[in-house]
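Dropping the structure in here first, questions after.
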Amino acid sequence: MQRAALFRGGDAQMAAGDLGELLVPYMPTIRVPKSGDRVYKTECAFSYDSPDSEGGLYVCMNTFLGFGREHIERHYRKTGQCVYLHLKRHVIEKVPGASGGALPKRRNAKLFLDLEISSDLNSDDFEYEDEAKLVIFPDHYEISLPNIEELPALVTIACDALLSAKSPYRKQESDSWEEELQASKHAKTLVQLDNGVRIPPSGWKCSKCDLRENLWLNLTDGSVLCGKWFFDGSGGNGHAMEHYKETGYPLAVKLGTITPDGADVYSFDEEEPVLDPHIAKHLAHFGIDMLQMQVTENGLRDNDIKPRVSEWEVIQEAGVKLKPMYGPGYTGMKNLGNSCYLNAVMQAIFSIPEFQRAYVGNLPRIFDYSPLDPTQDFNTQMAKLGHGLLSGQYSKPPMKSELIEQVMKEEHKPQHNGISPRMFKAFISKGHPEFSSNRQQDAQEFFLHLINLVERNPVGSENPSDVFRFLVEERTQCCQSRKVRYTERVDYIMQLPVAMEAATNKDELIASELKRREAEAARRPLPELVRAKIPFRACLQAFSEPSNVEDFWSSALQAKSAGVKTSRFASFPEYLVVQIKKFTFGLDWIPKKLDVSIDMPDFLDISHLRARGLQPGEEELPDIAPPIVIPDDPKVDEIRLLYFRRSFLVALDIDESSVMQLAEMGFPLEACRKAVYYTGNLGAEVAFNWIIAHMEEPDFAEPLVTPAFGEVASSGTAALGAVGLDNQPPEEMVAIIISMGFQRNLAIQALKATNNNLERALDWIFSHPDPEEESDPALDTMDMENNANANILADTGSEGPRIKDGPGRYELFGFISHMGTSTMSGHYVCHLRKEGRWVIYNDLRVCASERPPKDLGYIYFYHRIPS
């Protein structure tokens with residue numbers, strides 16, 4: 001108890017020997033972070049507490065996980081870990097010195113170099129003081145840091161390493177498909193010449209060669225010059241680079257990429273694309289208002305095109321004083337850099353009671369049974385996010401005194417509100433080439449990706465994603481024989497086509513297009529564009545009409561024929577998600593968005609789209625499979641050769657002389673053994689080629705696992721084909737295995753078990769000499785995000801997919817809107833109806849909506865009206 005009294009509060013001091021004696025029992029549990037260790041010192045694993053929070057953050061000195069005050073005891077009880085590093089950031093109002101300008105300096109300024117400085121606080125009025133101390137549980141002994149002379153060397157090294165560790169998300173982002181851009185060192189101090197240059201909204205050309213493509217605006221003197229030449233003949237003549245070499249002016253922005261979200265900026269000095277945090281100011285110097293700009297393909301469209309401008313303004317309800325909303329269910333989410341698609345989808349998801357009950361209602365049980373590393377558990381991260389959005393802990397209104405201060409200063413200073421979903425995004429996007437990047441994504445694709453993860457990680461007896469699932473009946477008819485086939489599939493989204501031909505303002509659209517072409521030809525500013533007005537009933541009619549089936553093979557004719565397909569609802573979901581198919585491809589294969597306004601109804605009745613099944617007088621198509629055609633693919637011969645090698649490799653003795661030859665070249669020994677094994681002892685030269693082809697694989701140097709009963713070995717040969725719509729492996733892959741002498745059912749079972757990887761399927765056959773007759777139902781679940789049309793198949797077990805059927809009458813309760821020209825750019829916001837009023841969720845900004853733009857939405861959420 002004497003030690004407790006000495007340490008509690010950190011005010012008293014102990015002798016160096018006493019400190020060392022106190023820490024001796026815990027030394028085996030204290031680790032020094034190594035390269036590759038992730039140190040979570042900015043965010044709690046179970047909540048959104050951080051060093052900025054009132055209770056600070058406790059970082060485990062063994063696992064390097066962070067925990068807020070509410071969750072630290074849970075981790076201590078679960079793991080027995082006693083030593084934590086407590087981090088706390090204090091925000092202190094600056095006090096002017098006697099001269100009026102002197103300000104106190106920061107304490108411990110180097111402790112949190114990579115912690116973000118809150119943009120909510122004016123740096124001219126506030127400063128930060130960072131505090132760190134060791135805390136020993138269960139008695140909460142506190143040792144203030146730095147305390148280098150009194151602490152054992154291992155503890156000091158561990159603390160220093162932990163405090164200087166970089167964010168774990170930076171390490172992950174460096175492995176992403178596209179690395180996050182860094183702010184240019186020139187952005188803050190960039191000098192701009194006051195030479196009177198003003199950039200026109202259109203008609204740009206290089207000032208040295210008259211090129212009108214790939215143009216860059218130098219942010220120092222306003223010169224418009226062409227970019228570098230590319231190997232395919234496109235690009236420019238490199239005049240922008242020449243200008244930099246002559247003048248040393250470092251930053252340039254690509255014309256045609258300027259949007260309200262930012263622009264493409266290149267630093268000639270740093271030789272890479274960069275971020276310019278002051279881009280709006282730098283552009284304004286040359287008369288460019290970036291809030292009124294849009295992405296253009298050829299630089300000819302100006303910033304006065306009203307529909308694009310109004311799309312940003314109308315959807316975000318700009319120009320209207322919106323009342324901020326606070327409390328449970330009104331928590332904003334920080335934009336991590338093109339993560340608005342995730343923010344919008346998750347706000348909609350956690351407005352649904354079934355998801356609230358599944359994750360927030362089960363939060364204590366989920367947290368108690370989470371793995372030792374909760375950052376890698378889907379249900380834990382979902383429960384954490386749901387609690388962050390719904391608890392109200394991170395959405396508190398400003399105090400009355402703060403409101404008065406804001407009025408006095410005539411400025412709106414946001415509060416410390418909202419959550420940063422960085423840990424959630426890092427986990428949910430792990431391994432996905434698109435969502436793990438920092439590029440803008442399609443909200444519909446992310447919704448399906450999320451549902452796929454929910455399906456794979458059940459949280460209880462009922463899966464919350466059941467509310468979206470419905471059965472689609474597809475009726476396919478042979479136009480020549482008139483015979484039909486009825487099939488069913490599972491879906492989660494109703495994709496509604498845009499019936500452009502039904503626009504009610506066709507004359508206005510035609511006149512606008514003629515004026516646009518004339519203006520382009522004459523190099524004049526483009527006229528005001530006109531948005532097409534499409535009746536919702538026309539889109540619903542287009543959904544219900546038959547569509548042609550390409551490359552249809554008629555089993556009645558035993559030949560290819562013309563076929564048509566009609567889709568109907570075999571069941572109606574509890575919650576109906578409707579996607580407006582606004583995004584398409586132009587003739588140049590560039591993704592674009594249809595600029596349309598659709599009068600989406602508040603109440604929707606699709607009962608007339610209920611499926612009816614086989615009708616009297618209809619004759620079914622014979623159940624005959626089409627003839628097998630083996631593709632002419634060079635990989636087929638490679639895999640066949642591999643198969644015949646594998647037939648004797650199981651019992652093969654590895655040629656150790658070849659292994660040693662390769663090892664002497666400096667390659668890992670285990671990699672050399674794998675190379676000799678997988679090339680069938682054909683010599684060091686052949687094995688060397690295998691090494692060169694596989695050395696970038698993550699398991700390159702891992703020990704060789706030879707095929708044996710119950711095991712699978714893989715050399716990483718890429719799979720051919722894709723998953724079939726009926727959840728069967730592609731026929732060409734089945735045919736290859738059958739041609740090797742195996743039975744069809746065995747081929748299908750092997751491909752299903754190996755995610756349609758031909759080589760792994762052959763391994764599977766060797767390692768399962770007596771396969772079970774029935775397949776594991778879990779293997780029958782298709783990976784949803786692989787199918788852009790959401791033709792998703794659920795569990796094909798004996799019970800079938802769980803469907804919550806009911807009446808087809810719905811009421812609108814939310815919609816997600818997109819601003820921009822394609823899914824690769826722009827911005828998403830979400831509108832939700834809560835407590836009888838519409839609310840707009842625009843990243844961190846949550847406000848009562850005054851004019852919800854229901855006609856401009858992209859994804860709509862309806863809930864069933866009880867009968």
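Here the Cβ of each residue, glycine as well, is placed from N, Cα and C on the backbone.
Sharing the record's features from TrEMBL:
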{"type": "DOMAIN", "residues": "182-290", "note": "domain 'UBP-type'"}
{"type": "BINDING", "residues": "Cys206, Cys209, Cys226, His239", "note": "Zn(2+) binding site"}
{"type": "DOMAIN", "residues": "331-865", "note": "domain 'USP'"}
{"type": "ACT_SITE", "residues": "Cys340", "note": "active site, nucleophile"}
{"type": "DOMAIN", "residues": "653-694", "note": "domain 'UBA'"}
{"type": "DOMAIN", "residues": "728-768", "note": "domain 'UBA'"}
{"type": "ACT_SITE", "residues": "His827", "note": "active site, proton acceptor"}
At the level of the C-alpha atoms, what whole-angstrom distance separates Cys209 (Zn(2+) binding site) and His827 (active site, proton acceptor)?
35
If you measure Cys206 (Zn(2+) binding site) to the residue listed as 'active site, proton acceptor' at Cα, how many Å is it?
30
Could you give the mean pLDDT over the domain 'UBA' (728-768), rounded to a whole number?
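Mean model confidence (pLDDT) across the domain 'UBA' (728-768) is 73.
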Quick check: with Cys206, Cys209, Cys226, His239 left out, which same-chain residues have Cβ atoms within 8 Å of the centroid of the Zn(2+) site Cβ atoms?
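Residues close to the Zn(2+) site, other than Cys206, Cys209, Cys226, His239: Ser207, Lys208, Asp210, Leu211, Leu215, Leu225, Gly236, Asn237, Gly238, Ala240.
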Measure from the Cβ of Cys209 (Zn(2+) binding site) and count the other Cβ atoms within 10 Å, all protein chains considered.
12
I'd like the Cβ neighbour count for Cys206 (Zn(2+) binding site), meaning other Cβ atoms within 10 Å of its Cβ, all protein chains included.
21
Write down the Cα-Cα distance for His239 (Zn(2+) binding site) and Cys340 (active site, nucleophile), rounded and given in Å.
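Their Cα atoms are separated by 36 Å.
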What's the CA-CA gap between His239 (Zn(2+) binding site) and His827 (active site, proton acceptor) in angstrom, rounded?
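So the alpha carbons of His239 (Zn(2+) binding site) and His827 (active site, proton acceptor) sit roughly 33 Å from each other.
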Over all shown protein chains, what is the count of other CB atoms within 10 A of the CB belonging to His239 (Zn(2+) binding site)?
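His239 (Zn(2+) binding site): 21 neighbouring Cβ atoms within 10 Å.
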Reported as an integer number of Å, what is the Cα distance between the residue listed as 'active site, proton acceptor' and Cys226 (Zn(2+) binding site)?
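Given the Cα positions, the residue listed as 'active site, proton acceptor' is 29 Å from Cys226 (Zn(2+) binding site).
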How many of the residues that make up the domain 'UBP-type' (182-290) does DSSP mark as helix, as strand and as coil?
16 helix, 23 strand, 70 coil
If you count Cβ atoms within 10 Å of the Cβ of His827 (active site, proton acceptor), leaving out that atom itself, what do you get?
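Around the Cβ of His827 (active site, proton acceptor), 22 other Cβ atoms lie within 10 Å.
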Just give the helix, strand and coil counts over the domain 'UBA' (653-694), going by DSSP.
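DSSP composition of the domain 'UBA' (653-694): 29 helix, 0 strand, 13 coil.
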